[in-house]
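**Student:** In case it's useful when we look at the structure, here is the feature table from Swiss-Prot:
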DOMAIN    63-288  domain 'Radical SAM core'
BINDING   Cys78, Cys82, Cys85  [4Fe-4S] cluster binding site
BINDING   Cys121, Cys154, Cys213, Arg283  [2Fe-2S] cluster binding site
Amino acid sequence: MTETAELTAATDADVLAVAREQVLEQGVGLTQEQVLRVLQLPDDRLEELLALAHEVRMRWCGPEVEVEGIISLKTGGCPEDCHFCSQSGLFASPVRSAWLDIPSLVEAAKQTAKSGATEFCIVAAVRGPDERLLAQVAAGIEAIRNEVDIQIACSLGMLTQEQVDRLSAMGVHRYNHNLETAKSHFPNVVTTHSWEERWDTLKMVREAGMEVCCGGILGMGETLEQRAEFAANLAELEPDEVPLNFLNPRPGTPFGDLEVLPASDALRAVAAFRLALPRTMLRFAGGREITLGDLGAKQGILGGINAVIVGNYLTTLGRPAEADLELLDDLQMPIKALNSSL
C-alpha cells in the first residue's frame, strides 16, 4: 500500500481505533490531521477519548505525577505585548512592577518542597534577562540550594547563547519558554517579537543540556485547525514537558473580553495533546480552575495529564496545594519523588 493509500485508509477509519493501534500499542504520536479529527469528536465520545488518553499516559509515562511550584521573581512592567498577559506594561492592567527579595524566594521554595514538589520554577516578566536579573537569579539559586532539596527551573524570556550557557552553569535543570500557540496564530497573540525568536531560544536550551519546557495557552481565539497545528509544532520540538494553560481573561488586556473555553473543549484538547505526545510530561497549568473546576481537574488527570502546578500562579489564584494532593491520593497517583527525577 502506498503512503497516500495508507493515509486515506487512516482517514476513513475511526480515529480512536487508529490511535489505539498507533499511539497506545506503537507509541507513535498522532499527526496534525489526526489530532484535528480528535478535536472534532462529539461530546458523546469524550469519555471514550479520555479513557484512551489515560491508557496512553499509563503505558508510556507510568502512574507518577510530577508536582511543581512557581514563583514570580520580577512581576509586571514587561515591554512585550502578549495579548493574554496582565504583566505587560503596555496595557491598562492593575498589575504593577515589583521584585521579590531573596529570603522570600527561599521561603517559597521551602513551601513548594513541603508540598511534595520536585521542581521550583523562577519566573520573570521580561523580554529577556538583563544583568540585574541574572545576578538575582544566580543569588536566588545559590540561596535555595543551601536550604532546600529541590530542582530549579527558570522562565526568563528569550535568551542569547551566552545567557543560555550561564543558566546552564548555574545548574538550572529545566527552562520554560512557551510557544503559546500555533505558528500561524502567533501574530494575532504577540506583535513585539516573533514565534521564531522563541523557537531559537528553545533550541539553544536543548543544545546546552537543559530540559525543555514548552507549551501554551488554549482558548485564545485559535481555530481547531490551529490547535492541531500547535500540537504538531510541539511534537516537532519534542520538549521534555508541555504545560497546558487555558485562557483566564485578564481585565485590561486585549483578550480580556474573550469567553472562557468550554470544559468539554478543554478536556478534548488535553486528550488530543496526549495522543500527539505519548511520552511527554503533560502538565496542568494556569486557567484550569476557571475552565474545568474540581470535576474537570479529576477528568484531566484521568485523561492524559501527568504533572501539575500546585498553589497559585503568577497573577491569578490556583487551587490550594492540599486539594490537588488529596485528589492525587484519591486517584492513587503517586507523586514523583526527587530521586526518581534525577
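Every residue, even glycine, has its Cβ placed from backbone N, Cα and C.
Keep in mind that what you see is a predicted model, and the values were worked out from it rather than measured.
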**Student:** Non-local Cβ contacts of Cys154 ([2Fe-2S] cluster binding site) (under 8 Å, 6 or more apart, same chain)?
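**Tutor:** Counting only residues 6 or more apart in sequence, the Cβ neighbours of Cys154 ([2Fe-2S] cluster binding site) under 8 Å are Cys121, Ile122, Val123, Val137, Leu167, Val172, Arg174, Tyr175, Asn176.
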**Student:** Highest CB neighbour count within 10 A among the binding-site residues Cys78, Cys82, Cys213?
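**Tutor:** Buried the deepest by this measure is Cys213.
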**Student:** Sorted by position, what residues of the same chain at least six away from Cys85 ([4Fe-4S] cluster binding site) have a C-beta under 8 A from it?
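**Tutor:** Counting only residues 6 or more apart in sequence, the Cβ neighbours of Cys85 ([4Fe-4S] cluster binding site) under 8 Å are Cys78, Phe91, Ala125, Arg250, Thr253.
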**Student:** Name them in sequence order: residues not among Cys121, Cys154, Cys213, Arg283 whose Cβ is within 8 Å of the mean position of the Cβ atoms defining the [2Fe-2S] cluster site.
**Tutor:** Glu68, Ile70, Glu119, Ala153, Ser155, Arg174, Tyr175, Asn176, Glu241, Pro243
**Student:** Please work out the mean pLDDT for the residues of the domain 'Radical SAM core' (63-288).
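**Tutor:** A mean pLDDT of 95 is what the model gives the domain 'Radical SAM core' (63-288).
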**Student:** Non-local Cβ contacts of Arg283 ([2Fe-2S] cluster binding site) (under 8 Å, 6 or more apart, same chain)?
**Tutor:** Glu66, Glu68, Gly215, Glu241, Val242, Pro243, Leu244, Ile305, Asn306, Ala307, Val308, Ile309
**Student:** Among all the protein chains here, how many other CB atoms are within 10 A of the CB of Cys121 ([2Fe-2S] cluster binding site)?
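**Tutor:** So the number of other Cβ atoms within 10 Å of Cys121 ([2Fe-2S] cluster binding site) is 24.
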